[in-house]
Structures are given as C-alpha cells and as structure tokens.
Amino acid sequence: MPPKGFQRKKAAASDGTSTPQLPSLAEQLSYLEAPRPFKNPNYVKKTSSRRSKNLKAVLTQEREREKAERERRRLEKIESDMEVDGEQEEEFPTYTSIEAPPSLLPQRHYCDITGLEAPYTDPATKLRYHDKSIYEVIKGLSASSVKEYLAARGVNSIVK
C-alpha cells in the first residue's frame, strides 16, 4: 500500500515526438557510473628473495655464527702454535651476550622500607621512602635499625 499523499508520475508520451532528456552537467561529470577495477591492471609485484625471520631463527643463526667464529679463532691459535684455554672472551656484542653499556637514564631509587620507588629521602637519616606513611615509620626508628637499613642498601654513613 503506498503512503498517504503519494502520487505516481505520469509517463511521458511514447509516440516518439518528445525529445530525449539530456543528462545534466553534474551527471556528465559524475564518476558514479565509471568502471572502477579493484586491482590496478598495470601493477607488477616485485619479487624479492628477502623474507622475515622469527626470533628463534635469528637466535639460532646468531649462535651458529658465534660458534663458527670461535672455531675459526681456535684454528688460528693452533696454527700459530699457541695454547688454547677453551673459553675466550668475545670482542663484539651479539644477540646472546648479556654485556651492555650503562644506561643513559638516571638510576632509580627504591624505598628502604617497602622496596617501592622512592621519590623522597629523609635528610636526617638518609633513608629513602615512598610516601608520608613510610616517613612516619622512619621517624619512629631507632639509630641502630636505621644503620641496618643503610647497611642493607650498601651505604655506611654516620647517622646524626
């Protein structure tokens, strides 16, 4: 059932005497009816021999490279009639070596009582603390327990 007030448009006479409607300028410039292929027909995929490796493959390859390098050095030492000690120090950093340069970030301070990050330091005892509730605990500590906390941190200072 058509909605109220709906009127059908009267069809134009089909006797051929009427002129066909010309498309408007907007319809002429519209891209709506233009064909749009999903893929570019001129696209050529560049095949490369590189492929990404997962972490396990990278670590395995690095271990094999280190092993080959150690073997090469061992053979060089044997050829030069030097004794081989077995383990040798590595001269170059690798993925598996644990040596790293020192951090450029400032060292973090931790609370001597709780172990949480400590943004504050008590000026009298030099103990680091997390918040004001820990500061109340520090104020109630005896001199000997303050020395024990400082010794646990590795600081041997004179308590005033």
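Just so it is clear, glycine is given a Cβ too, placed from its N, Cα and C backbone atoms.
The annotation compositional bias 'Basic residues' is assigned in TrEMBL to 1-11.
What TrEMBL records for 1-99 is region 'Disordered'.
If you look up TrEMBL, you'll see 61-80 marked as compositional bias 'Basic and acidic residues'.
Annotation source TrEMBL lists compositional bias 'Acidic residues' at 81-92.
Per TrEMBL, domain 'Vps72/YL1 C-terminal' is recorded for 109-138. The average pLDDT computed for the domain 'Vps72/YL1 C-terminal' (109-138) is 94.
Applying DSSP to the domain 'Vps72/YL1 C-terminal' (109-138) sorts its residues as follows: 7 helix, 6 strand, 17 coil.
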